[in-house]
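Below: the structure, in structure tokens.
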Ligand SMILES: C[S@@+](CC[C@H](N)C(=O)[O-])C[C@H]1O[C@@H](n2cnc3c(N)ncnc32)[C@H](O)[C@@H]1O
């Protein structure tokens, strides 16, 4: 049973996701009470990928969202460094390159793509797990075409402080408890609540995106701010 700590050592993070890959999508539905489907739909709308475009779905995991980006004809590269997560997804889709989605193993801190490859890049619930967020934001910028866009979906903070504290305390108790019933790795879900509590709030993440070189940065809260969608553009 492997769990990552808040220093987010890449080996621990990848091993933790390898460990929970089989039940990952089921747990998302259970723990979010189905809200994850609403969040994913919001990401697809924000990415707005069209025919002829190439989209990078970074930290794609099992690729639950990846296929949705192909609906209007875009092609998607689903990239992750957990081979366990990628394999579960590829098995489910019937292959590593199916229905407009191609799976590529890679690290967010050293993306295996040339400069200015993608029309849009997106990362859902992945950035929080990367041990050098600013470097990942710069890598994402590097592989995005000038004029291209980024959409980040991540757990965030309810803007009303006392509510956020109550919510955080609830997560700390509930996540490992529920995970104990459904998975053999409650530690991974203790890490989830700890990493959410430790994650910067919406304005701070927006400033870090700007510092990495992203322009027109804005965000929108989902589920009262429990999740936030940040967007930006590469202008130069
Ligand atoms: C919570 S899952 C999110 C999966 C998927 N995006 C989703 O929305 O369900 C986080 C994913 O980030 C991946 N990840 C974390 N750090 C990474 C890195 N440095 N490079 C590539 N993938 C990474 C993990 O392997 C894991 O699959």
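Heads up, residue numbers simply count up from 1 along the chain you see.
A Cβ is built for glycine as well, from the same backbone N, Cα and C atoms used for every other residue.
Feature list (source: TrEMBL):
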{"type": "BINDING", "residues": "62, 80, 107, 108, 124", "note": "S-adenosyl-L-methionine binding site"}
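Structure with TrEMBL features highlighted.
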| residue | record | Cβ contacts under 8 Å, 6 or more apart |
| --- | --- | --- |
| 62 | S-adenosyl-L-methionine binding site | 21, 24, 25, 85, 86, 88, 89, 92 |
| 80 | S-adenosyl-L-methionine binding site | 17, 58, 59, 60, 61, 86, 105, 106, 126 |
| 107 | S-adenosyl-L-methionine binding site | 10, 81 |
| 108 | S-adenosyl-L-methionine binding site | 58, 59, 79, 81, 123, 126, 127, 130, 136, 139, 140 |
| 124 | S-adenosyl-L-methionine binding site | 39, 40, 43, 57, 59, 65, 152, 153, 154 |
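In three-state terms derived from DSSP, residue 62 (S-adenosyl-L-methionine binding site) belongs to neither a helical nor a strand segment and is classed as coil.
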